[in-house]
Amino acid sequence: MKDPLRIAIIGQSNFAADVLELLLERQYNIVGVFTIPNKGSREDILATTAARYNIPVFKFATWRRKGVAIPEVLEQYKSVQANLNVLPYCSQFIPMEVIDGAALGSICYHPSILPRHRGASAISWTLIEGDEVAGFSIFWADDGLDTGPILLQKQVNVEAYDTLDTLYKRFLYPEGIKSMAEAVDLVAKEKAPRITQTEVGATYDPAMFKEENQRVDLNQTAKRIWNFIRGLDSVPGALATVLHEDGSEEHIRLFGAHLYSDVRVQEGKTLRLKGLKNLAYIHERGLLMEGTDGALVNVKRIKKGSKMINACDWFNLSQAPQITDFSEDELVKKEVLRNIWLSILKCPIESETDFFAAGAGSMDVVRLVEECKDAFDVPLENEHVFMAPVFEEFFGEVVKSLRQGSSGSSAKVHFDGFVLKANKKEISIPTQLFINGEFVEAENRRTLDIINPTNEEVLCKVACASRNDVDKAAAAAHKAFYGPWRQVSARQRGQLMMKLADLMEQHKEELATIESVDSGAVYTLALKTHIGMSIDAWRYFAGWCDKIQGNTIPVNPARPNNVLTFTKKEPLGVVGLITPWNYPLMMLSWKMAACIAAGNTCLIKPAQTCPLTALKFAELTVKAGFPAGVINIVTGKGSEAGQAILEQPLIRKLGFTGSTEVGKSVMRCCAESNLKKCSLELGGKSPLVIFADCDFEKAVKHGMSSVFFNKGENCIAAGRIFVEDSIHDEFVRRVVKDIRSMAIGDPLNRSTAHGPQNHRAHFEKLIEFCELGVKEGATLVYGGHAVPNTKGYFFLPTVFTNVEDHMYIAQEESFGPIMVISKFHGSDVESVMRRANRSEYGLASGVFTGDISKALCFADTIEAGTVFVNVYNKTDVAAPFGGFKQSGFGKDLGQEALNEYLKTKCVTIEY
């Protein structure tokens, strides 16, 4: 080109600013920028960008007066001596004196394939008319409306998911910027074509910034309704009118529409819309409308006034909780957020400032979201701004996201309950069901008595869940899984779990006190193991959240093509958990921590006799910031609430700990309901073999612990001890001696070593177990009955010897403080190992010996999920735990536990 380009940029917006920067990168000379005046103190981004590069900026409210170009405006334009005008996006009418004032002319960007969709709302009409192809044109401006010769055009297929926003963001904006630079390149090389537009197929479409054009006609086919709504999504939104029962009308705007092909909604509340022949339905996935062709359109979001809501929440707005109690750190972040709004809007930011009413546009939404992500590390989306455009509301959304991450919440949780006065403490404990983030009464306000096992008195009444209550909890978990829980990243999930563990640590003495009073656990043991290991489990699995991953797999491709095959580990969905009464909070934590780490939601039924730590735990989950519905707790009877969980079709996985007999029924129900995946930790009759070559003192100590730990209410308790004959008598003598010195009594007393059994039915079962042992001929050396003259379910630690393999007490689990001892001869090692395996159970086992070969031989031979060597009860949250044979299958704890709550998806891509 003989003369270098001298370019004037005329327009506004981020699009124009990005075109400016790209042209500068390509070393073009931009001699002036002409844009709109400031809105208050808010300058258009094009002006700001130009000023940063010291380019002259001119701001005109209008270029003409009464149809005539304003002389002083023309003079300022001419002063830059531009020979090419570039109009990336311009909302003003530019006079022909300017259009033709540049020697090379003026090139304009238009977001349609001209001559179709001439006018200001081309993108909208591309979608409204159901065009299969969208695109843009860069043309030479003339005195007509988008009628000038074409310089270049580019197009893209319109996808079913496209809206005005997506089409603009994925193609029209990024490709448009590059093509504007490409067009300038062609001009510079004198290769820019001028292709005359045809009038065949030309359309002139109404401007959609006029409200009368924004109203959706609901008296047409579903496809045309859908196209109209997506053509105005997300600005300004299709306008509709709700006809209320009292005769009043309410204008709303519709967003997030799609053609609905799912099962027709049979239930739901109805809404009457002006112009719609049939009633619309509000259901769990939105607002459902029927077109004149009988097909359906579903709308996900509705704008009421300035507030965007999920359409499914139309009738629940008054129930939506508002955050009002902010921490000091959150209030500091509020001022940071205020400054972000100020930098975008350039006006004072008050609590009631509306982002859009203050002049923000769609690109300002993107900027706000990205700046908030950088400042607060929260997973916000554009939708959050539309849903909460007022400053105070948006701050609430930011706080919700923060509390679902690392910040947590000190919010007071509302519930009905009672105050436990024990252990020099006053502890408020909920007694209601915990469903969808709230404590609620059971159906018909049914309750169960909770008995204190220490004094046999009623401690409190708790809600007794019905099948309907379980259904509500499952529905809440299902909604959370497909809703807010999916918005929480894996790393945030770990942060939530860590926050929960920290809260459990802060309240560990309260939790241990509740556990002692509710279940009879000795306080010191409850503090160290029941609560301590619960906290450890949440922290351990929190670390796994962002380390769950699949693999890439080398497979044989069909040549000449290549194949990429990889696996993904995904959560199962809603998980049902049923836990026992021996370690109430620990069993909850072992299962739930792995379940939540894997990304599932859950509902749990804790043991009927001791649910109080689970309910206190529920309160802490709210304070930790877990979204409503992720964790639900239904207290009640196994025969009702438990059975309802087994049969609930929304539940995809069942984790159960309990007896083998019940476990068989659980597995059968899981199969018959909806083929639930299940993991079962069932009964045990764990053998402990003590050889004469062992460390005798250690064997006595651990032998006692293997049976009497936690009052014998221990799934891996040594149900049968085999002692080599040469040390048998001394072993028995030492055990009895140590039992006699064991402090039995109030579990809250720090010196107590042995507390009451959990509940009366179990207490009476232990008495029957001992009576049967005596009847069959075993020698009762000590105990076998209740502690004399003592109120409560206190059972004496018991020792049986001369127990033969065929006896009931040698084969079945007592689940109590009953030591069952059998002799073996030291010369017959193989025989004792066969006897140890002669059981349908295989949960745990142990051996004490000084011979490593003997120990390893035992570990190889024994059929049990856990093998202890010269130790017992040594479990750790990182070590997998679970049984063989009729002790069940599946693992709690360790990395393997995650697999119980995950599914593997295989993806194969040919390229």
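Each residue, glycine too, has its Cβ placed from N, Cα and C.
Taking all protein chains in view, 9 other C-beta atoms sit within 10 angstroms of the C-beta of PHE93 ((6R)-10-formyltetrahydrofolate binding site). Feature annotation from TrEMBL assigns (6R)-10-formyltetrahydrofolate binding site to GLN92, PHE93, ILE94, ASP146.
Sequence-distant neighbours of HIS110 (active site, proton donor) (same chain, 6+ apart, CB under 8 A from its CB) are ARG118, ALA122, PHE136, SER137, ILE138, PHE139, ASP146. Marked as active site, proton donor by TrEMBL: HIS110 (among others).
There are 21 other CB atoms within 10 A of the CB of ASP146 ((6R)-10-formyltetrahydrofolate binding site), with all protein chains counted. The site 'Essential for catalytic activity' annotation in TrEMBL covers ASP146.
On its own chain, ALA607 (NADP(+) binding site) has THR579, PRO580, TRP581, PRO584 as residues at least 6 apart in sequence with a Cβ closer than 8 Å to its own Cβ. What TrEMBL records for 605-608, 638-643, 658-659, LYS765, 813-815 is NADP(+) binding site.
Counting Cβ atoms from all protein chains shown, GLU681 (active site) has 28 others lying within 10 Å of its own Cβ. For GLU681, the entry in TrEMBL reads active site.
Taken from TrEMBL, the feature active site, proton acceptor covers GLU681.
Look at TrEMBL and you will find CYS715 (among others) tagged as active site, proton donor. Using a 10 Å Cβ-Cβ cutoff, CYS715 (active site, proton donor) registers 24 neighbours.
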Distance [Cα-Cα, Å, rounded] between GLY638 (NADP(+) binding site) and ILE94 ((6R)-10-formyltetrahydrofolate binding site): 77
Distance [Cα-Cα, Å, rounded] between CYS715 (active site, proton donor) and LYS765 (NADP(+) binding site): 16
Shell of the (6R)-10-formyltetrahydrofolate site beyond GLN92, PHE93, ILE94, ASP146, same chain only (C-beta within 8 angstroms of their C-beta centre): LEU87, CYS90, SER91
Among LYS605, LYS765, the one of these binding-site residues whose Cβ has the fewest neighbouring Cβ atoms within 10 Å: LYS765
Neighbourhood of GLY658 (NADP(+) binding site), C-beta criterion under 8 angstroms, separation at least six: ILE578, PRO580, VAL666, LEU682
Cα-Cα distance maximum in Å, computed over every pair in GLN92, PHE93, ILE94, ASP146 that the record assigns to (6R)-10-formyltetrahydrofolate: 14
Spatial neighbour of GLU681 (active site) that is closest, considering only the binding-site residues GLN92, PHE93, LYS765 and their CA atoms: LYS765
Shortest C-alpha distance to GLU640 (NADP(+) binding site) - which of the binding-site residues GLN92, PHE93, ILE94: GLN92
